[in-house]
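Mind looking over this structure? Questions follow.
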């Protein structure tokens, strides 16, 4: 292999490494794990990675401050270079990465030549709303993703191009949203507004209702006291953790039939309608860290239920599952119910209603005098066979490590012998 061939191979692998670093976006967090208390952004800066430009950074047409991989000529990487202004962006660039700099303004001429841009990452800078020239993003007809998280924004950026599909605005100081700010965002599928200063008044006019393709809405860590009104029926993932929501209106979710995941932990929920979560497509439900005193109806397709840190004293299984249909069993597999006020494990009748359950995490419970108690069974696991048991041991992690376990016969519940015991 000649010298030129070796150089080409080297450039290829370097380009793939850089490209993969920025293009591996996740739709959302892993449903198998409890959401972190600290909101996770799409891109995480790693201290042990060298983000400086390689020696061959001066690719034809690339800004001198940045790096344009030869194998990915449409991408320009300008991150972590202590830039105070946006460098010149060539017309052929489609992705520009400017995160972890000291940029304070986005001027009208920032993208004047870069009309082919599909993705802009300006996260982790010092940008204020008044320093964004009006319409600077709206002039980009091909823009699909816009990252502005971890800045100093006070207003929702407006106007934006109707081509936009994903916008990240978490970790700002946004407290205002114009009524017509999102009217033209007909293609938006993901809106991240976590860690801002949004209260009920900001969403009163049902400003989100016209986003007919919206699938993921993140409103965690804001100042909401009630459920946001007028959400689009296309929604599949709704994050409302760490607000001050105390109730959910009757029939609130009737217009959200596609909802797959609902996270409303760390709020002030107390009494909620019995069948409020009767959603046929719901897979994950997190209502932990509230003030709930009793269980509620569990929809048939729900798999993961988080009830930790509430005030539940007794779990009435017949409330969760009023009837048993042998042809259409419930799909529930995991329950987390630690840090409640249980005095005994859940009735074994639960395995007739929910035959697919294989983990119930009881952990510690709160006693009436404020001290913690431990039930005889802290972790209930059901192993279908020896292979499942070995596989679980290989992946044993988290708070369940300290619990005791019970192994049961998966086919016992539902048998004639079981029927005679109830």
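Note: Cβ is positioned from N, Cα and C throughout, glycine not excepted.
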Would you please say which range out of 347-384, 385-422 has the annotation region 'Disordered' in Swiss-Prot?
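Checked against Swiss-Prot: region 'Disordered' maps to 385-422.
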What residue among the glycosylation sites 113, 242, 316 has the most other CB atoms lying within 10 A of its CB?
242
Pop the Cα-Cα gap between residue 278 (N-linked glycosylation site) and residue 187 (N-linked glycosylation site) into the table, whole Å please.
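Counting only the Cα atoms, the answer is 28 Å.
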Which site among 121, 187 has the most other CB atoms no more than 10 Å from its CB, taking these as glycosylation sites?
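Compared across 121, 187, the most Cβ atoms within 10 Å surround 121.
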Just to be sure I understand, if DSSP states are collapsed into helix, strand and coil, how many residues of the repeat 'LRR 10' (301-322) fall in each?
4 helix, 3 strand, 15 coil
